[in-house]
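The block underneath contains the structure these notes are about, expressed in C-alpha cells.
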Amino acid sequence: MGSTARASHALCARTCRFLSGRTASRPGLSTRRPAAAAAERAGGSSAHRGPGRRGWQWRAVRARLDVAVRPDTYRQELDVKIERARSHFAAAPAPAPTPEVPHPKPLEEIHLPPTEVHESARSNFRMRAEFRVWHDGDRSYLAMFDSDDPKTPIEVPSFPMGSEKINELMPAFIEEIGRSEVIRRKLFQVNFLTTMKGDALISMLYHKPVKTDEWEREAEEMRQRLGVSIIGRSRKQKVVLGNDYVMEEIEVDGRVLTYKQLEGGFTQPNAGISAKMLEWARSTAVSDSADAVGEATAPARRNDDLLELYCGNGNFTIAMAPMFRAVLATEVSKVSVAAAKLNAVANDAGNVAFARLSSEELTLALDQGKRFSRLDDVPPLESYDLRTVLVDPPRAGMGEEVSEFVSRFDRIVYISCNPETLAADARTLRETHEVARFAAFDQFPYTPHLECGALLVAKGR
C-alpha cells in the first residue's frame, strides 16, 4: 500500500494538496506544531495536480500535514481522481518483466461507459479517526505525524474531515484526561468511532496495562460526563465500559438499515458515501444501464440468487438481500461472519446464508461437491440459482484464480478500493465479460484515493 493510501486509512500521514501548490495555511487549516517544537517544517510527498504532456496529472510535491477541507476545489479534485482511475483501463505498452511474468504483453483497452459520479459531503464526512496522544509536561494534546518526520508531533485541535461528533469530543477528551493522572498515565493513542445518529465509542490505547479498579472508576466518571462508551486497551488487556460497538443506521432507498460496528473491525469511514455505494449496488440488480435506473418497467426483485465473496460484516449483503430470491455470502474471517449474522437478524434478512469459506473452498464445494462442516447451516448448494456474484476484494484485487471462478456468472458486481487492480481483473475477464456500468465513489475526499464500482455482464447473453 502506498503512502497516500495509508494516509487515507490510518490518518497518520498527510492528506494531499492540489492545484496551485501553495504552502501557506488555508482558512480552516487546523494543525499547528506544539510550542516546544522549532519552526514549522514541510515534509512528506503528497499528490499534487500539475500540467504534464497529457494534461493535468499527478506529481509528488513537498507539503506539510494538512487536515483542511477545500469545498471550493472539491469537484475539480474529484475529476482528477476519476480521470486517473479511468486511465488504468486505457491501452498501454507492456509493463516491465517480473520473475512471475517474464514476457508481459501490452495492455489492451477496456471500454468503459460514462462514469456515474457519487460525490461526498465536503466536510464532517469521516465517522472514525485515530490520533496519537502527546504529553508535554502537564499538557496533553492530540497529534498526527508527517511520514517523513515521524518524531515531531503536529497538534490537531480540530479535524474538519471528521464527523461533528468527533469534533465535539476532541476538546472534551483532552479536558477529561487533563484532570486525571490515572487516565493519562501511559496513554499514547485514542480512536474515535461515531455514527450518523451521534452514537460514539472512544478507545484509549496504553503502553502498559491499566490498574483496573482505579482506572475503571475514573474512566466511568469520564464516560458518564461525555455520554459515550469507553474502552481501555493494552497488550493482552481490554476493559469495556458500556459497549464495544456502535449501532449505525444508514438509509438506503428509503429503508433504514441497522449495522453493528465492532471496535477494531473494518467499517467504511464515510457513511454518506457508503449509503450511495449500497444504493448503486442495489440498482445493478435491476438494470445493466445507468440510463435505465429507476424506470417503472424495471423489476423490484430478481427471481435468481446472489453469491457474495468477501462479505465482511454483511454491509452489502443486507442491502442486496431484498433484491434477490436468496443470498449466499462467504467470508474467511470468523469475527466478520459472526457480525454479519447479527446484522442479518437485526435487519430481518431471512433469505441470507453465511458460510466461512475461501473462494478456493467454495469452488471445490460447487464444482466437486466437497462437503465442509462450515456449510452445515447453509441450504444445499444445488438449491441455489446463482447468476450474479458480488465481490469486494482487498486492494490486491481478485487475481487470476478468483477471476476465473467468477467468469462463470452472467453478472459480476465489482466493488473496488483500487482502480488499478480492478482494471487488471477486467482484463483477465475481457474474453467473457464487458463493463456495462462504471461508478466512482469519493470515500476519501481531498486524497488521491477513490473507490469504484463496475458491473460486468457476460458477452452475448
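Positions of Cβ are set from backbone N, Cα and C atoms, glycine also.
In TrEMBL, the region 'Disordered' annotation falls on 23-53 of the listed ranges 23-53, 209-239. Rounded to a whole number, the C-alpha distance linking D392 (S-adenosyl-L-methionine binding site) with C417 (active site, nucleophile) is 8 angstrom. Look at Q268 (S-adenosyl-L-methionine binding site): DSSP puts it in coil.
Within the set Q268, Y310, E331, D392 that the record links to S-adenosyl-L-methionine, no two Cα atoms are more than 17 Å apart, and one pair reaches that distance.
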